[in-house]
Amino acid sequence: MDDSSVPPRNPFRTPQPAIVRRDYINTTEKKSILISQDKVPPMTYVDPDGDGEENIDDLIEELASLDGEYTVRTQIRKSMESKHSLVGQDPEFDTDITTGLTTTDALARRKKYGPNQLKEEKENLYFKFLSFFVGPVQFVMEGAAILALGLRDWVDFGVICALLLLNATVGFAQEYQAGSIVEELKKSLALKAVVVRDGKMAEIDAVEVVPGDVLRIDEGTIVPADGRVKTNYLLQVDQSSVTGESLAVNKCKDEVCYASSVVKRGEAYIVVTATGDNTFMGQTAALVNSASSSAGHFTEVLNHIGATLLVLVVLTLIVVWVSSFYRSNNIITILEFTLAITIIGVPVGLPAVVTTTMAVGAAYLARRQAIVQRLSAIESLAGVEILCSDKTGTLTKNKLTLSDPYTVTGVDPNDLMLTACLAASRKLKGMDAIDRAFIKALPNYPRAKEALTQYKIREFHPFDPVSKKVTAVVLSPNGERIICVKGAPLWVLKTVSEDQQIPDGIEKEYTNKMNEFAERGFRSLGVARKPMNRKWEILGIVPCSDPPRDDTATTINEAKTLGLSIKMLTGDAVGIARETSRELGLGTNVYNAEGLGLGGGGTMPGSEVYDFVEAADGFAEVWPQHKYNVVDILQQRGYLVAMTGDGVNDAPSLKKADTGIAVEGASDAARSAADIVFLAPGLSAIIDALKTSRQIFHRMHAYVIYRIALSLHLEIFFGLWISTMNECLNLQLVVFIAIFADIATLAIAYDNAPYSQSPVKWNLPKLWGLSVILGIILALGTWIALTTMMNAGEHAGIVQNFGKRDEVLFLEISLTENWLIFITRADGPFWSSLPSWQLAAAIFVVDLVASFFCYYGWFVGGQTSPIAIVRIWVFSFGVFCVMGGVYFLLQRSQTFDDIMHGRIPRRQRASQRTLDDFVVALQRVSVQHEKSSRNPEGGGGWDENNGRPAS
């Protein structure tokens, strides 16, 4: 009988009754290759990481040791040593590949092209420190210091200078510390390169590499410069840090390897074509430098507040000067009035308190493995409305995992897995991610795992981009040679069908499964085998994917409750991206970035592209420019955008975003461009930081309202007092009022603050409205204390019966101002939220000191009785209760918010809204009509399968 008429045998099956498989799979009994458990001791491999996954390194090393003299490294080295694998001359650089550059040539090219590193502009530390003395608030403080110096008021001069130095030192120290962390990371990532120089191999610093150098790269090498492959053997390179692709990319002869990519498999010689700023990474860095980097929304808010208060100070001074000149006051008196108004008119401690609040928050985040490189990024993060997140490693585990395989009828899944693992690399170093996933899945297939060590590899051919499969020739324990392949399902099917006719039922079922896995976003691999002198046998398909992190779906749901929209950006194909997005609950509106026209040259109108970007759940097949444009479009639509990333390809969009977030394992370029660097993996760390940033924002918002109200309080009161009575509080007491107000509230950085359930922004009109009203109430209370003393006599006022006027006013001002922070820090009534012990203790101590000032009459002379002090406390508490009630009502009033923004109240807007809705409806009809006229045959629209406009 002709052997070809006999169905192919199954060399992997255990002795058992034959399984009839439509004359396609072997029905002949044969001694099994899957050894029974009583003949082979079970293999045990410890789990050193304790992560629940079996350590497979020992197994891989054991498999490699079974192959004797054969190793893939040996095969590659032979290919490398073959003269036919090398190109004699590189015409672009005239480099002899076999001898490389001479030392003289290398030095000449170093002078011509410069070092192999990206140019960085080093910031002058002295100028950086001096920059903290620049700003509206700082200018007023500096003017006050000069004025105090002219008056020889050394106490005021010293205090003001100390506050200026404190503000500058704290801010500079925080930013310098963050910069030092990044510099240390850069030092730890210094690269080496193996080059051919003067006909010999030499290891040099990567910075010494020049164009034309011949580099030798192998598994694990970080490519130090762009270079063209000059050997014939296939190379697999992980360029995810450059392009964002999650799987290794095959590189053949004459293809370019990008700087910072990592060799995963194979060895090769490359000729350097570009170094430093001329590399692909360097061009990306240039895009980073061109990206506008915001100084931070809070910096703008502080400048706005400082400028506005400065204007109010000037207006108050004009009133004071006019009244003083009218009364013919001497110049010393006028200057003293000017100094008093200047000191109390601007929040001298505002920069210090704000910087301290954010610095404490940054330290808190650092303990949770989040390094803040720009303090104002904390405030920006609190207001973020859209988070553009990388998929690989942030939303997913960045570990390929096998799903349940499809097996052809009658095939044991253990047979399928054994064949697939035989067609895999047996090298621990640089092992392909797919091969590692198959080996890792072996504990789920115990019979395949036991049999695997019984085979020896005789030939191994890594993935071939032409045939799209991996091939291995193995020797079974009984000496039979078997060809095992795994690869693209369609190409594996083609390999088998060229050898024999596949039954229609099996072929149809196989094709349907292949399409199903593709639609679900899996990377699928077909598996087949061929015993020598037998026909090919197709076994099935194994789907693999990068699964979501265990906490990602829960974290995304939590993010939604916090008002945060998440858009996924990935270099993977649309199908994979859409399936991942669906699993995570993000939605399925995932589009091809280039098809959407984000790289330029799209067919859709710009406004329509903006609409798609705004409504999208994610984008696939993205490149650096796509990410940059997505962030830019969303910002143009008025959103505050955060961007996560880890690679060089993410750096431009990280810098462009309002908050750039470098995730765990990020590249040096990504860390440098980011505002916050996370050392912990996953999205949950980012959400925790988001909550913390909103708590910090709440503290700063409470303090800003408090501090503006204090400045307005004293401006109104002193301006009115000086202009009507030509008198003012003792200058030393004025300075201590300002100091007490800020020292007490330094502890706001440690306060118990809630986090908002929605993004928070600076509502400046409402903030000013609340501050003005609180300032007026404070001024009214102080004016009542002053005028009752006048009417009833200096020792017979309603709040005191013995003591000096300045002492009483000093204590009343200190108490009412210090207690105001208890009102602004609470979301509801002031008693609804208890302050932290640090804040309560700080205010209590300051109030106690102010009471001692009043009791002993420091700087004024004359004591105040304890009864009078108690009365002042009671009167101040009454003012405090009035402020608390007014603040609570106005804070929750939508009508007040509308009035502050100049909007029409809601009831009056009802008729206006009806008309607006009608106009919008007409516009939509017009747009639809325009689309129909452009495409009368009903084409166009959006191709859901490809994630791009339909042709």
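Please read every residue number as a count from 1 along the shown chain.
Even glycines carry a Cβ here, placed using N, Cα and C.
Computed from a predicted structure; not experimentally measured.
Residues annotated as domain 'Cation-transporting P-type ATPase N-terminal' in TrEMBL: 82-153. According to TrEMBL, the transmembrane segment annotation covers 125-148, 154-173, 301-326, 338-366, 704-723, 729-747, 767-786, 837-858, 870-890. According to TrEMBL, the feature region 'Disordered' maps to 927-951.
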Positions whose Cβ lies under 8 angstroms from the transmembrane segment (154-173), at least six residues beyond its ends: 128-129, 132-133, 138, 141-142, 144-145, 148, 339, 343, 348-349, 351-352, 355-356, 359, 375, 731-732, 735, 739, 742
Averaged pLDDT score, the domain 'Cation-transporting P-type ATPase N-terminal' (82-153): 74
Folded-back contacts onto the transmembrane segment (767-786), same chain, C-beta under 8 angstroms, at least six residues removed: 308, 701, 704-705, 708-717, 720-721, 797, 799, 805, 808-809, 812-813, 816-817, 820, 823-824, 872, 875-876, 879, 882-883, 886-887, 890-891, 896, 899-900
Stretch-level contact, the transmembrane segment (729-747) and the transmembrane segment (125-148), CB cutoff 8 A, at least 3 pairs: no
Long-range neighbours of the transmembrane segment (870-890), counting only residues six or more past its ends (CB under 8 A): 769-770, 773-774, 777-778, 781, 785, 798-801, 808, 811-812, 815-816, 819-820, 822-824, 828-830, 851, 854, 896
